[in-house]
Every structure is written in C-alpha cells, then in structure tokens.
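Straight from TrEMBL, the features:
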REGION    1-40  region 'Disordered'
TRANSMEM  53-74  transmembrane segment
TRANSMEM  117-139  transmembrane segment
DOMAIN    125-244  domain 'VTT'
TRANSMEM  145-163  transmembrane segment
TRANSMEM  198-218  transmembrane segment
TRANSMEM  224-247  transmembrane segment
TRANSMEM  259-278  transmembrane segment
C-alpha cells in the first residue's frame, strides 16, 4: 500500500535467513567486517555517524516545516481535529471532520494529504494504511487508488534515496541476517530483477519498510525499484481503497487481508515472478 504493509512474511511468518559464504584467513574476516551486511551486535553503539544523523534530522525538519506551513493555512475550525489516526474509530472521526473541508478546499486538502503520506513513508512512521483507507472514503476507488499509489511510490522513493545516503549502517545494524539473505536473492535474480521487485511489492513476503531501506544498499537500480513499486502496489492499494468506501462496516484492519485476499495476491505475485523461475529451470537443465 502502500500500499502499505510493514519485517514479516504473510501471516506474520518468521523471517527467512541464509548464511553467506565466508572466505578463509584474516582477509576474508576483514572483508566480512567491511561488508554492508556484516552482523553487528545489538548492544553496539548507535550506528549513525554525526554527519549522517545531522542529515536525517535536517531532512526531517524540512518535511516538518513544510507540513506545519500547510497546517497554518487550514481554517481554525478544522485545526483542532487534525491528528494521525491510530485506530479505525479515529479514522472515522477524522473522515467526518475532513469531508467538508476536502470538498470546499480540494487543492489544499490534497497537498496536505500528500505531504503527510510521503512524510510517513519517508521516515517509516506507522499508519499509512489508515491514510489509504481515508483516500477511499473521501475520493472513491479510481481517484483513491491514483492518490495512494502516487504517494506510496513517492514516499518509497524518498526513503530509498535517504537510505542510499545514510541508511547502510542502520539497516546492517538492525537486520544483518535478513540483509544478507536479501542481497543473495537480488544477486541470483539480477537478470530479472523487475519481476522479483514486482513479486515483493504485490505479496506480503517482505515488509515495504525493509524493501525501501535495503534496496539501495544491495544495489537495486532506482528505475527498477520505482517501476516495481509503482505497478506492484496497485493490487494492495485497490484492496485498501475499496475497503475505505465501507469504512463503517470495517471491524479491524486485519480483515483487509483474509485468506482469500492473500491467495489472490500470491497468485498475482507468482505470475510476476514466473519468468525468473522458468529461466532458472532452463539453466539447471
């Protein structure tokens, strides 16, 4: 979603992990230590250097300042009701408060909505699924999907470049084993990388958060990342936006991804990755 999913496999299944081969002697040990995916102990000092932390804070402040300026342009009557929804009840109240404002000031609302969505995606703030539901409730299926896919792709791209600049130590520190596995999978599918990226985006195999942060570190080209994200998030965006039309009937966010829905997503993902599997089969024959 995008659409929004957040690192666990479908059904909260455990992470897959895979050991990488180590060379012998001190040289191999040094190479592993310098590797972006080298395992670091969790108790180790926070991985950011001073300048990297400064860049992250600077980007955060730029986004925050822009959003605050947009907030100041809102009518006083609406300002008191603005907050990020954390539950479906919060979302229903927010939808009721903003429906009139969205109709009377569509440009201002869309600017504020897009800024908030992209900000949350960039800085990995949970809750974009509620923003996607809100788009469906206020704009309908077609415009809602366009809005969600645009913002999810823009936010993922922003996160991609931020991670490319300063994210390597953080991802290596948080998920060393997972990063090694992802790096190995990318290397195996380098010739059909777009298909693999589509599979990852369509299915909940890996959370979007990890994909956004790890892709630049394992040298996924941005154009492949961008196109895979733009196209691959459409099915999940459709599911979430359509659910937003019946927001009052939705009991839980978990209801969005039942067995039937997950089966459809994995079927689409299988079709996307099929060329990669067929090529590997021909290689082994």
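Placed from the backbone N, Cα and C atoms, the Cβ positions cover glycine too.
When pLDDT is averaged over the domain 'VTT' (125-244), the result is 93.
Scored by C-beta pairs under 8 angstroms, the transmembrane segment (117-139) has its highest count with 145-163, from the stretches 145-163, 198-218, 224-247. In terms of DSSP secondary structure, the domain 'VTT' (125-244) contains 101 helix, 0 strand, 19 coil. The list of residues near the transmembrane segment (145-163) in space but at least 6 beyond its ends in sequence, with Cβ under 8 angstroms from a Cβ of it, reads 1-4, 56, 59, 110, 113-114, 117-124, 128, 131-132, 135, 139, 170-171, 208, 211-217, 222, 225-226, 229-230, 233-234, 237-238, 240-241.
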